[in-house]
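The annotation transmembrane segment is assigned in TrEMBL to 36-63, 83-103, 110-128, 168-187, 193-214, 293-311, 326-346, 353-375, 387-410, 422-443, 449-470. The domain 'Major facilitator superfamily (MFS) profile' annotation in TrEMBL covers 41-477.
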Amino acid sequence: MKKCSSVKDIAAIQCVNNAGYDVLQRKTAYGIKATFAQLLATMVQSLLLVNVGMELSICTIVIGSLYKNPNAEFHLSVTNSSWYGSILYLCQPFGSCLSGYLQVTYGKKFCSVVACVPSIIGWIILSYSNSVPMLYLSTLTMGIGLGFTDGPAYSYIGEISEPRLRGIMACVINMACLIGMLATYGLGSIFHWRTVAMLSTLCPLMCLIFIAFIPESPIWLLSKNKNEKAMDAICWLRGWVDPCVVSTEYQELMFYYKTSVEQKKVVNNNTGLFSSFSWLKSSSVYRPLRLTTMYYIITLISCLTTCRPYIMEMMKESGVKDSQSIALVLFGSMQLAGSLMLTFTIQKLGKRLLTIMTLSINIISIFLFALYIMGIRRGIIMPKACIPIIIYSVIMFSGAMGVLTVPWTLVSEVYPNEAKGFASSLTTSIFYILTFLGTKVFLNVQNALGLYNTFFMFGALSFAGLIYLYNYLPETANKTLLEIEEFFVPEREKQTTIESKPSKHRYGDL
């Protein structure tokens with residue numbers, strides 16, 4: 001592959017700098033090599049997301065093997081299971097908050113490397129666990145590594161991708177997480193959970209190797225005044241081309257970065273770890289944060305995310321007496337199929353329509369699930385294993401096609417560039433804290449209300465969420481990053497917007 005290092009040549013740099021505003025208006029078709037280069041960078045980041053999917057789903061296998069099992073080497077009680085299934089989500093925010101600072105200071109690639117280390121340690125501890133405290137320690141370590149993954153990965157993909165590919169690449173990242181879940185369920189149906197844990201170390205190990213071969217985010221490089229390296233990165237990401245070929249995008253990227261800095265001087269020159277919280281005073285941050293937080297709550301409820309660690313036990317209660325491991329593989333396959341369908345439909349249908357459509361399907365399915373379980377409890381119908389499997393498969397497919405994955409793609413779009421590192425990490429931290437709370441109390445709620453009343457409540461709350469998203473969720477398709485940012489800014493604040501903005505800004509198109 002041709003390495004584009006000629007940026008250090010003075011003539012090449014002059015060619016770029018002289019391109020100016022006129023070249024800003026021209027379109028550049030990079031072709032298949034650019035697509036391949038961006039896909040390559042995305043696939044490396046996807047290894048981390050595959051690992052995330054495996055970390056999120058391994059507790060399902062472990063709890064299914066040890067929960068109230070007198071024949072196991074050691075067993076888990078209700079309290080043990082609720083803690084083990086939720087500690088991962090509680091520890092993630094610690095790593096996520098730190099990564100928000102580190103990715104601004106040291107870059108996205110650095111955070112990806114840091115994320116691999118605790119993940120590897122966590123998998124090794126799990127593979128040798130012979131007591132409940134060791135299980136807790138393994139998931140705690142994984143949770144810290146998880147915090148260094150989500151925010152930087154989604155921000156990186158949003159910053160390196162061409163407008164025509166940004167939505168697709170975000171879907172690839174989402175699919176990677178689901179592939180990790182499916183891989184865990186598949187391996188768990190064949191191997192002992194200790195063997196699954198040891199095999200799972202391969203993903204972070206491979207990521208450590210391949211991360212060295214992809215470029216850093218061009219926007220981050222510009223923020224550190226590393227203009228030559230930023231040009232090198234753009235050349236690599238657009239198919240290993242010469243600097244003059246990407247001069248248009250370089251100028252657009254410079255404009256976008258400078259405009260973002262000038263418009264949003266909420267954070268002062270102090271770049272300390274806690275100074276970033278002053279961004280929360282900006283409407284361009286707290287308004288999208290409010291939207292994404294509400295979206296995440298709706299996702300947790302409507303996609304039954306808080307039930308994930310207890311799926312095997314839940315299937316037993318709903319009439320699936322045998323082959324729970326095969327059912328898990330089916331659920332993982334349906335999630336992956338839904339995510340794949342999202343890749344082909346997101347550009348045509350848009351995020352708003354997909355959200356409304358898939359959330360509606362999930363609401364209907366949850367109510368049907370509740371009615372089925374109520375019918376069994378009251379002796380109205382006989383248990384049939386195929387019914388809960390079909391209903392839950394529909395929820396998994398529909399969720400992955402929209403309401404489960406769309407909020408993660410929004411994270412890379414709705415925040416201004418200067419606050420993206422902090423805001424994306426804070427957003428994912430909030431999601432995992434909410435997931436921890438929901439997962440921790442799910443068994444208690446189920447024991448208090450009963451399984452079918454719990455799902456009736458989930459259906460009602462999901463319907464309330466549908467009304468909220470219908471009224472407040474904007475469509476981000478075919479809008480520039482600046483236009484999306486301005487959507488969240490009140491009219492009175494828009495008077496301060498910089499006037500020197502070109503009529504077309506291709507780099508920000510979604």
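Each Cβ is built from the backbone N, Cα and C atoms, and glycine gets one as well.
Bear in mind that the values here come from a model prediction, so they are computed numbers and not experimental data.
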Kindly say whether the transmembrane segment (353-375) and the transmembrane segment (293-311) touch, using the definition of 3 or more Cβ pairs under 8 Å where each pair is 6 or more positions apart.
yes
Beyond the flanks of the transmembrane segment (293-311) by 6 or more, those residues with Cβ under 8 Å of it:
56-57, 59-60, 63, 81, 84-86, 324, 328, 331, 359, 362-363, 366, 392, 395-396, 399, 403-404, 406-407, 410, 427, 430-431, 434-435, 438-439, 442-443, 458, 461-462, 465-466, 468-469, 472-473
Long-range neighbours of the transmembrane segment (326-346), counting only residues six or more past its ends (CB under 8 A):
57, 60, 167-168, 171-172, 174-175, 178-179, 181-182, 184-186, 188-189, 311-312, 315, 320, 354, 389, 392-394, 396-402, 404-405, 409
Do the transmembrane segment (83-103) and the transmembrane segment (387-410) come together with 3 or more C-beta pairs under 8 Å, pairs six or more apart in sequence?
no
If I count Cβ-Cβ pairs under 8 A between the transmembrane segment (36-63) and each of 110-128, 168-187, 193-214, 387-410, which range comes out on top?
168-187
Do the transmembrane segment (387-410) and the transmembrane segment (168-187) share at least 3 Cβ pairs closer than 8 Å, excluding pairs fewer than 6 residues apart in sequence?
yes
